[in-house]
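Residues annotated as compositional bias 'Pro residues' in TrEMBL: 709-722. Residues or ranges marked as domain 'TMC' in TrEMBL: 392-507. The region 'Disordered' feature in TrEMBL is assigned to 611-732. Per TrEMBL, the feature transmembrane segment maps to 75-97, 156-174, 248-269, 289-310, 322-342, 469-491, 512-533, 569-593.
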Amino acid sequence: IREAQAFVEKFEGALGKGKGKKLYAYKMMMAKKWVKFKRDFDNFKTQCIPWEMKIKEVESHFGSSVASYFIFLRWMYGVNLVLFGLIFGLVIIPEVLMGMPYGSMPRKTVPRAEQARAMDFSVLWDFEGYIKYSALFYGYYNNQRTIGWLKYRLPMAYFMVGISVFGYSLMVVIRSMARNANESTADGDDDNFIFSWKMFTSWDYLIGNPETADNKFASITTSFKESIVDEQESNKDENIHLRRFLRVLANVLIICCLCGSGYLIYFVVKRSQTFSKMQNVGWYERNEVEIVMSLLGMFCPPLFETIAALENYHPRIGLKWQLGRIFALFLGNLYTFLLALMDDVNEKLAEEDAVKNITHWTLLGYHNSSVGNGSTATPPPLDPADVPRGPCWETTVGIEFVRLTVSDILVTYITILVGDFFRACFVRFVNYCWCWDLEAGFPSYAEFDISGNVLGLVFNQGMIWMGSFYAPGLMGINVLRLLTSMYFQCWAVMSSNVPHERVFKASKSNNFYMGLLLLILFLSLLPVAYTIMSLPPSFDCGPFSGKKRMYEVIQETIELDFPLFVAKIFSYVANPGLIIPAILLMVLAIYYLNAVAEAYQRANAELKKKMQMQREEEKNKRNNKASTNPVLQDLEDLLTPSMKSESHSKQAEDKKTESSNRTSPVRKQSKAAALDGSPMTGGRGAAFNLPPHVFLTQPPTLGVWSPYPGQPRPRGHPPGPVPGRGRGHPRY
């Protein structure tokens with residue numbers, strides 16, 4: 001009664017009666033509007049994600065492996081946008097607004113000998129002239145402890161922002177790797193009934209846009225291709241000895257290519273140092289290092305892919321090998337470039353000592369000449385453009401990184417235009433009048449190079465991390481590069497590329513990309529840490545000029561701006577006797593946590609195996625049960641028609657006498673006992689009710705039925721074999 005009353009109260013308005021009809025209609029209207037609002041808000045959030053629909057369109061036509069690159073590119077754009085805001089807001093803006101203006105000091109003034117050509121395009125293209133003496137590079141910033149009316153500590157801010165760039169990047173990369181690992185493990189094992197799930201549950205019935213429906217159809221088709229490739233690779237047989245030989249041969253060839261590219265870069269960098277001491281060198285000689293590195297990055301990945309065809313890996317595994325090899329190529333080229341650049345830095349440090357003495361004697365001579373004239377007036381200051389200055393090795397390093405970044409951008413865009421767009425136009429319009437089918441044969445349409453683009457992005461980010469300390473404006477250039485790359489490459493993929501011949505599904509997480517990024521982040525930190533801790537800064541440029549080492553700005557700030565006990569605390573913390581045990585403790589903690597994580601992984605693997613075995617056991621039980629039911633049905637069909645008619649007549653008699661026996665419990669009990677005692681009495685299936693202590697071990701054979709010991713023979717059957725049952729006893 002209570003349930004019925006609650007039902008009536010709840011749906012009183014829907015029944016059309018009572019005072020709650022309008023309230024119920026209002027509630028239903030508001031509930032529908034709330035559901036619609038949540039759906040629209042979810043769509044709005046999806047629309048607010050940058051380039052989400054564009055990436056979904058790419059994924060529907062090219063698969064999740066190509067889409068994973070654009071997701072990675074979008075993530076890199078977000079990280080660089082935060083880093084650019086950090087550098088721009090805490091370093092560049094304070095120096096521009098509160099620092100000394102251009103032309104007020106030698107480090108912010110173009111030298112007199114360079115002013116005539118300081119605005120030429122060829123000079124500006126090499127990031128010389130006015131660009132070199134701007135806020136884009138390290139040498140522009142002043143070494144005053146405080147600037148402006150806010151007493152802003154620019155050298156300290158410059159140092160802390162440079163360290164924070166690496167700290168924030170490290171935190172974001174590790175956090176993304178942990179989140180991707182959690183998502184990949186939370187998905188569970190979905191390897192059962194893959195094609196059934198895709199066939200019956202893939203379509204989205206809320207789609208109302210024809211273009212969206214076409215994209216969804218293409219996405220489902222692509223997902224089937226990915227699953228078919230995975231299934232074929234799991235069932236493939238191969239000659240293991242031949243495969244091992246070909247894989248060893250491929251690795252030997254690739255190692256030779258890596259060694260050759262490293263030697264070539266070292267040779268070119270040493271040659272460029274010779275050109276830098278010469279006058280009137282050509283454009284190629286000035287940019288030879290950037291050109292060679294860009295050409296190696298453009299031609300080596302296709303060569304590696306051609307050699308990798310010998311290995312015949314699964315496409316997903318082959319992509320990881322290709323990524324690792326290109327990463328080794330880029331990393332070897334970068335570190336070879338850095339080693340050669342360090343030789344140039346050492347030469348400039350030796351040159352600075354001589355220039356420092358020249359500058360000192362020039363200023364002293366100017367002052368003495370003014371005093372020697374006998375005038376008591378204060379001599380006018382020497383024009384900053386006429387002051388001799390050092391080479392400023394930090395700005396030189398920053399210029400090299402900016403050149404590498406800009407040349408990499410140009411080579412990437414030119415490669416996309418020439419190698420993808422013009423090639424697609426040629427194949428599309430010349431195919432009608434060519435000797436062979438250009439679309440099916442050579443040159444055909446280009447496929448999107450996942451490994452080359454991913455490694456190019458990672459390699460470029462490594463240069464940005466290293467170069468941003470010496471060129472704060474480099475981060476802004478990279479933000480513009482990533483922004484234009486998203487639109488340009490999405491357009492090129494949809495207009496000029498075709499899906500891979502063997503479409504394969506990307507990993508459940510992008511942790512492989514993140515692992516490469518984490519490695520390049522660590523390797524990018526090493527050169528910067530070496531220059532901060534070991535090399536002396538330039539004496540006349542940059543925020544750390546006048547100090548023996550760059551990190552001394554922290555000691556200076558602690559001594560002058562903090563109480564005395566804080567300085568003592570920092571001195572105790574910086575003691576090697578505390579640092580070494582702390583590092584050992586962290587190593588032990590990492591080892592312990594790694595062991596615990598491996599134990600959890602093994603436990604999860606065992607649990608998955610047990611769950612799989614239990615699922616297979618339940619499936620076998622259901623199959624056995626389904627197979628025994630038809631056997632019982634066939635045995636029942638062996639009953640004679642007369643026997644069935646007798647059973648039906650007896651049931652009819654029981655129904656007639658049921659009303660008279662209702663009031664007699666004794667007769668009901670005796671009838672129930674009689675029915676239970678005879679296996680041949682009763683309805684369908686009663687003849688096969690077995691005693692509780694007897695088990696069926698073999699299928700019954702044809703023979704004569706006989707009662708169990710102690711059971712009476714049923715009436716109505718003549719002695720002898722029952723028609724249709726054969727002879728012999730049923731074997732239970």
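Heads up, residue numbers simply count up from 1 along the chain you see.
Note that Cβ sites are derived from N, Cα and C of the backbone, with glycine treated the same way.
Automatic, uncurated: that is what TrEMBL annotation is.
The stretches the transmembrane segment (156-174) and the transmembrane segment (75-97) meet in space: the count of Cβ pairs below 8 angstroms, excluding pairs fewer than 6 apart in sequence, reaches at least three.
Tertiary proximity for the transmembrane segment (289-310) is limited to same-chain residues at least six positions away from its ends with a CB under 8 Å from its CB atoms, namely 246-247, 249-250, 253-254, 257, 261, 264-265, 268-269, 272, 318, 321-322, 325-326, 329-330, 333, 337, 400, 403-404, 407-408, 410-411, 415, 449, 451-452, 455-456, 459. Of the candidate ranges 75-97, 469-491, 512-533, 569-593, 512-533 contributes the most Cβ pairs within a distance under 8 Å of the transmembrane segment (322-342).
Confidence for the domain 'TMC' (392-507), expressed as mean pLDDT, is 85. Long-range neighbours of the transmembrane segment (469-491) within the same chain, counting only residues 6 or more positions beyond its ends whose Cβ lies under 8 Å from a Cβ of the stretch, are 51, 54-55, 58, 70, 73-74, 76-77, 80-81, 83-84, 87-88, 91-92, 134-138, 162, 165, 394-395, 397-399, 401-402, 405-406, 409, 412-413, 416, 453, 460-461, 528, 531. Across the domain 'TMC' (392-507), DSSP classifies residues as 82 helix, 4 strand, 30 coil.
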